[in-house]
Structure formats: structure tokens, C-alpha cells
Amino acid sequence: MRRASSRLILLRHGQSEWNGASGFGPARFTGWVDVALTPSGEAEAAAAGALLRSQAPPMAVDAAFTSELRRAAKTAELCLPGAAVARDARLNERHYGALQGVRKDDPGLLATPLAHSTQTKKPLTASELEKIRRSMREAPPAMSASHPHYDAKAPPTESLADCQRRVLACFDERVAPAVRGGRTVLVAAHANTLRALIAALDGVPDALVPKIFVPNAVPCVPQEKAAATLTSP
């Protein structure tokens, strides 16, 4: 059993260039692709920090953790100007396998086999794609070495459960000790890494995990009861 206090703030990065922002093209499956924030995303991150400081009393952050991806790291930097922010690759977004870089509205996505994959020989169905995107256990088709975003140091694909294991390892090692020590801690990360952490904090059953939604740049403070006890899934 691992204990944490309610002084834990979760923050998804601001709008990124692949979130479907006007002027930046259609939304794409991003995963570990290191895209930047848009100007609107930068403003959202700064506004999140202003919101924390506007509370009574102000929510002063003592320690901050973020991923190795610049959209999350920049969000932490703009939210907490001048603060030291520790980066950890275990907080990176879930790896989307061969889907990384693919447009979410691509009409060929459900019509032709996925390119640069080691697995799929037939098109994904709408049901399969929805399970890949929202469920706990379904992983995207694995990325092959021919993929334009292939990285030998990255996993070839991840389910949300795979992502959750590394997020919890980071939480145990770095985040929870800081919170237990009485510090207010910010974790600036990604939709799926935070969904995975929230699922663990709240003990969300797999069947309800698809209902977890984390908006861009809105600080989330877990309920005291949920944050008080964290057990491995």
C-alpha cells in the first residue's frame, strides 16, 4: 500500500500542434512524437498557473514532475515560472504504435491495413479502434522499424495498462515520497498517463476506464479519499 496526501495536482499539457488546432492541420495520434504546444496551448498553460495562484490560499507548488516530451515540459515551465521541474520518461504519453502520426479523421484508417506495422494484415474495425483508444487492455498494432517515427529506445506499442505500470513506478519512486513529505506536487503530463494514474488513484474498474477524460490544461486535484491510498492494480 502506498500513501499520498491530497496535495497532488495533475495537469495535462496545453493544446499541442497535433490536437487539431486551427492552422496546424487535423488531429493526429501523437504518442511519443515530440510535437510542440500551439500559442493557444502556451496561453492555457500560463493560465493554469495563474489559476493555482489565485486560490485562497494560493496553491504554491513545492515540487514538479513532467515527461521528456516538450509539450508537457513547456506546460510545466509556463505554469510554474522559474520553478525546478524534474523530467522523467516514465511520464511520457502512451506509445500509440503504428498509429503514431496518423490522422484521426483519415478515411483510409478503417479501409486499408495500417502501414508500418508488424502485426495487422487487415484494416482495423471501428470497434477495435475505439477499444484501442479508450480501454485499459487493448494495444495499437506495433510499430515496425520502417515507421517514420520509429525509435529503437521506445516501446513498439502500449496498452493503457502498459503505460500505467511505468507511470506508477515513477509515482512510487519520485512523486509519492514528495507528497508524503508534506510537499505540494504538480505532475504535468499527458491525457493517457494521467488517465492511467487517475484510474489507479480512484480504483476505477477496467469497464469504466473509457469514461475517464482529462481536458487540456485544467488543474485536477484528486479527492482526499482517492489520493489518500494508492494500491497497485
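Heads up, residue numbers simply count up from 1 along the chain you see.
Backbone N, Cα and C define each Cβ position, glycine as well.
TrEMBL annotations: computationally assigned, not manually curated.
The feature region 'Disordered', as given by TrEMBL for the ranges 88-107, 108-127, sits at 108-127. Nonlocal intrachain contacts for the region 'Disordered' (108-127), taken as residues 6+ away from its ends with a CB within less than 8 angstroms of a stretch CB, comprise 97-99, 102, 141-144, 146-148, 150, 156. By neighbour count, meaning other C-beta atoms within 10 Å, the densest spot among the recorded positions His13, Arg94, His190 is His13. Of all the recorded positions in the list His13, Glu93, His190, the shortest Cα-Cα distance to Gly31 (substrate binding site) is found for Glu93. Here the binding-site residues are Trp18, Gly31, and the one whose Cβ sees the fewest other Cβ atoms within 10 Å is Trp18.
Separation of the C-alpha atoms of Arg12 (substrate binding site) and His190 (site 'Transition state stabilizer'): 5 Å, rounded to the nearest whole number.
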